[in-house]
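Report on one structure; see the data block that follows.
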Amino acid sequence: MKQRTIKRPVEAIGIGLHKGVPVKLRLEPMAEDSGIVFYRSDKGVSIPLSPDYVVDTKMATVIGNEGVMVSTIEHLMSAIYAFGIDNLRIIVDNDEVPIMDGSAISFVMMIEEAGIKELEAPKKFIKITKEVEIKDGDKFAKLKPNEKISFDFEINFDHPVIGNQKYMFNFSTKNYIEEIARARTFGFLKEVQYLRSIGLALGGSLENAIVLDDKKILNDSLRFEDEFVRHKILDAIGDMSLLGGNFIGSYEAFASGHHLNHLLTKELVAQEAFEIVTFEKEGEKAVAKAFS
């Protein structure tokens, strides 16, 4: 299997979730072994995709370099991971990736419009070689060895619409588009009101998030009955992309979020619990077929 980029540049305009201002997003092809790099065109600063450049994980995954940041990268990175893209320049003219409809489907459509280009160099996978786990009370996130890529997530909210939800996702690009990409981010009305009081979530609305009061959702409907846990998987895929490539293994979590996911990527690297592998022949392994 070869490294991938996109065939041609593609652009979109949306608003940032927290500042509520317009953001122009542009994806550009890059050569093999370039990796994925964010570029703030308004500041002239590049930020490589790496756990070492994560600067905040409270409300979203935020990366930064030289005091310049790009926030809410996880939905875009989730879609990029799903297509197995290794080399890409991501240009934004503000400090947030646009939220679009709160899911990853707009980014999936951008990538499909741009097309996938295979390069000459072999694709490098991050193969998990031993179990790594991060805990915080009853919350946890772990990566385990497996010959395939899978995500197993459970959440438990004291809310009549959410409650306990579990989802086991066997990864492939096709499955991602059908099962995960359309799942939207969600938040509680009382939290949104507080965030706005401190100047955050100014771009949030029923157009780009599921909003819940104490008893129900305020949106017209859900896209999936278990849309909440599916979105947590969408986020986890985006957060795991900060490893710098597609991993081979199983991700399992209970009530994890951006912070635990980030600590998990850092711990995996610290323990050297992985090896870099390449598959020279297409279809040689089940994991290569997942990206076909």
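For all residues, glycine too, the Cβ spot is worked out from N, Cα and C.
Summary of the site annotation: Swiss-Prot records Zn(2+) binding at HIS231, ASP235. Screening the candidates HIS75, HIS159 against this entry identifies HIS75 as the one listed for that site. Taking the recorded positions HIS75, HIS231, HIS258 in turn, the residue surrounded by the fewest other Cβ atoms inside 10 Å of its Cβ turns out to be HIS258.
Counting only residues at least six positions away in the same chain, the Cβ atoms of GLU74, HIS75, SER78, THR185, GLY257, HIS258, ASN261 sit under 8 Å from the Cβ of ASP235 (Zn(2+) binding site). The residues near the Zn(2+) site, meaning same-chain residues not in HIS75, HIS231, ASP235 whose C-beta sits within 8 angstroms of the mean position of the site's C-beta atoms, are GLU74, SER78, SER103, ALA104, ALA183, ARG184, THR185, LYS232, ILE233, LEU234, GLY238, in sequence order.
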